[in-house]
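Here is what TrEMBL says about this protein:
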- A:Lys75: active site, charge relay system (ACT_SITE)
- A:Ser159: active site, charge relay system (ACT_SITE)
- A:Ser183: active site, acyl-ester intermediate (ACT_SITE)
- A:27-480: domain 'Amidase' (DOMAIN)
Amino acid sequence: MSSTDILMKPLVSVLQMLRNRVISTEELLHRTYTRINETKSLNAFVSVVEKNDNLEFCIKDDRSSILKGIPFAVKDNFSTRNISTTCASNMLRNYVPTYSATVVKKLTDAGGTLMGKTNLDEFAMGVGTVDSIIGPTRNPWQYDFQHPNPDDWYIAGGSSGGSAVAVATGASYFALGSDTGGSVRLPASFCGVVGLKPTYGSLSRHGLISLVNSMDVPGILARCVDDVVFIYNILSGNDPRDSTTVQGKVEKVVIEENPSVKDLVVGIPKQYHGPDVSPEIIDCWKWAADIFSNNGAKVVEVSLPHTQYSIVCYHVLCCGEVASNMARYDGLQYGHRSDGGFTEEMYAKSRNEGFNESVRGRITAGNYFLLRRNYRKYYEKAQKVRRLIQTDIKKVFDKGSGKNSGVDVLLAPVTVSTAPQYKTFAQKTNSYRTVEHDIYTQSANMAGVPAISVPVRLSQAKLPISLQLLASNFNEGTLLRAAKFLENASSFQHPKFDF
Amino acid sequence: MVPSLFMMQRCLFPGAIGCKPSFILVKRYNCSSQKNARLQDDRWIPTVGLEIHAQINSQSKLFSSAKNQFMAPPNSLVSNFDASIPGTLPVINKECVRKAVRTGLALNCKIQKTSFFDRKHYFYSDMPQGYQITQYKHPIAKNGYLHYPTADGSVVKRVKIEQIQLEQDSGKSMHEEGQVTLIDLNRAGVGLMEIVTAPEVSSAGDACAFLKELYGILMRIGTCDGKLAEGQFRVDANISIAQQKTKLGTRVEVKNISGFKHIHNVIEYEIKRQIRIVEEGGIVESETRAFDYETGFTVSMRDKEIKQDYRFMPEPNLPPLHVYDDSSVTSLSNPSSVINVDQERRNLPKLPADIRGHLIESFHLSFVEAEFLTNRNMENYFIEVMECAHNLNPTVVWNWIKMHVIAHMVEYNLSSIEECYVSARDLAALLLLLHNNEINAETAHLTFTTAIQTRQHPDKIVEENNWKMISDKETVTKLCEDAIATLQCTDAKALSGYDADKPKSKASKQAIKRVIMLVRKNTNDKIHTGVAKDVTMKLLNYKRTS
């Protein structure tokens, strides 16, 4: 690897180089393909777009476009026209969409080059990127590229683990993930990249294969906040194909090089001080609070009293929507289809073969929660709890309601620990892992508010520790400003991996 | 759009092997013992509630941009969303909302300013999502009612409309010979209005009268095309019997009936079947039955024997559906982009009941005559004819429309009276000629046919063809006198049989005929025979008595 690795440079400076013809798009693509090859053992990609297809595309491109052929990757649950979209599931192993998701189309229309589709937990159900038909994705941190040990490596986090690894290793300048309960922020934190979960409705879900419609949101992974801002500005806005997107115009986010936080009130949610959080993370959290405070921000402790119910509430709502969303996979129009038998038999067999145990489990649980006799007890109650959690967060951000409020951003951990080792992680069930790792990220999805994971420092084991910032709905401007400040303050270094 | 090839390969599949028709016969009630059953019927009070699925005649489907059209090649009107392609999302069609609002207003419902969509889950191969998007808890219109006249118009009854909900239609499964099921998704996702009545109808006749009135309203306000053979107006009937009015019996649901005659038969049949069961000491089972069009029986639907749990949940991909009124619309930046209920109310046309009332009151038509015109959107044509020629007898005009105008429309395959080749003004002119005895009925018919062919004004046709009759009394009298005189001279016997006391006798008629024949000959067939007949009779009477 050359000492100045162009693939690890910030997007904005590479665009400058392309503009000044310091490097050509073709050269950039060749290098990226080489990088994808070098990092193949990490299993970040489910499929890679043919090199010739992309070269043809970038030669046609006239460099006047916004993204000038910049390589990017997309989680394999976003529909891509003529490119297989598997959701890492046997069910969609051979499924090729006839259309592209709005966010993907916006990126290709802007001149981005889609390198490939990244790995995830089947249908984005998981926190590790380990439950996939192509096997788990490995975290590049502390990974021995020369002598890979089949068991001794760290997980990438999930479910957008493939996207996080592609960005962390320079196999893409940025990547799309989807965040339903933390699926962008968690792998971003484990892999030491920035992961933005925008406000629900600010990015179109059209073409994103649904997990939980009321919480899903396309997320952006990149190596620095500026790059996230750049892509966010391309992607945000109303989409007539998604009725839940924002009406009217979305303000473009502009962030200064060294933003001030003097005017900000930073909230520290006291309920996030869980006993399971590793001391290293608590320590990092405290450091960050001090940094904000030392730079003129007002740091206050706030209360989100319903946080403890968030996990179980999320579980019920998620399973209910999953059961419903997965009902379409019956093997008739598309997807895996078993032979023979009566119609119902064929459905059952196709679904049994098509979905992994974790997906089937959620479907069963969801259908149980939705039964007429259970609906009030579970689903309706969970909706009520969700409203309480929303209200908690809304109150905290509300400027006009006195004490314990008026916060601009919340500062919190992303998760309880740094990336766990695969061998320990694999011993736990999918649902237990979700409970453990999504605990601090879910609330943002329940409330719809934007949140971002920013890498801050390394742990003793030399693994990235990241922190999370949350802001009120459609307040990406403030959120990204605070994130940029934190990034500047922490001077986290992207490593030179020894490919 | 999904390329048709994709759908043909993947959807028009020879699969679902072994999928049998979902109907099995359980027990047939023999209709031949009708007499017996009628004797017992009086002791039972039937109660019927109706659910009408009226297809909205919008250009595109309820949540997708695919066209809504009948008789297109299979799977040619299927968007990605309709085929449940992963990642697609519903987008509400405003036109469907507008039409549901209009329907709600016409049925005196309270329009809900905010309504919601729900998912109703069940696996069925022609419902690709695995759920139907419907409005379960918070429909767009609630608490309405409809006054409807019974079949002969003698009594007006009232039925409560519980609610109107917007929902998706399903696709169609075709169970072919050889145990293959083919699926056509052209209909999948087309907008339906499900109109639910309270269980307040007490006979098959009333149910049909109500449905016909409802049907007429939907046609009139233009929210449903109502082509029965195409399944655009389908009815589910909930039928039960009880001995007291206050108590409802176990209800049986008969699904998916099209056509008023069929609906009548189904309800009649089902009431009798239930009475028979109870009279024989049995218990009516709560179940869903289907109507067998071939045998005229209702049969239990095997699929639904086990009570379905639809696992309703809110549709998360659709925000609440808002409609506005005059006061709330002003606060919007773009009021034309939303549905204003008050505006829709102002735009509602006159409804059939009002039109019938007007025809009966102003023109003294009978209920049946008024209904005939109203159902065919012909009241304005009729009224225009009457306005052009006040002297005309409304019943004569009505008869002409019924006999000649309709026949012409059928012959030329015209779907609306506006397309008729003879305008109301022209028909009025024609009927005036007839009324004034300037032409006779035969010539009138000939003139009408000529008008259709040449598109000329009746006056001109009659003029050019020299069809006008001599009907002026003085001239006719003169002509008849001349003829009688001639006959008396040449063939005295010809008139001798006339008997003034018996003007209708064979001999009298013969005498009159001889006179008329001569007048016709003398006038080159231009005499108005009706007038001539009267005059001749008077002249002959006079001659005898004098």
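Glycine residues also receive a Cβ, built from the backbone N, Cα and C atoms like all the rest.
No curator has checked TrEMBL annotations; they are predicted automatically.
Per-residue pLDDT, averaged across the domain 'Amidase' (A:27-480), gives 94. In sequence order, A:Lys75, A:Leu120, A:Asp121, A:Ala124, A:Met125, A:Gly126, A:Val127, A:Gly128, A:Thr129, A:Gly177, A:Ser178, A:Ser183, A:Pro187 make up the list of same-chain residues 6 or more apart from A:Ser159 (active site, charge relay system) whose Cβ falls under 8 Å from its Cβ. All protein chains considered, the CB of A:Ser183 (active site, acyl-ester intermediate) has 36 other CB atoms within 10 Å. Secondary structure from DSSP puts A:Lys75 (active site, charge relay system) in a beta strand.
Within 10 Å of the C-beta of A:Lys75 (active site, charge relay system) there are 34 other C-beta atoms, taking all protein chains into account.
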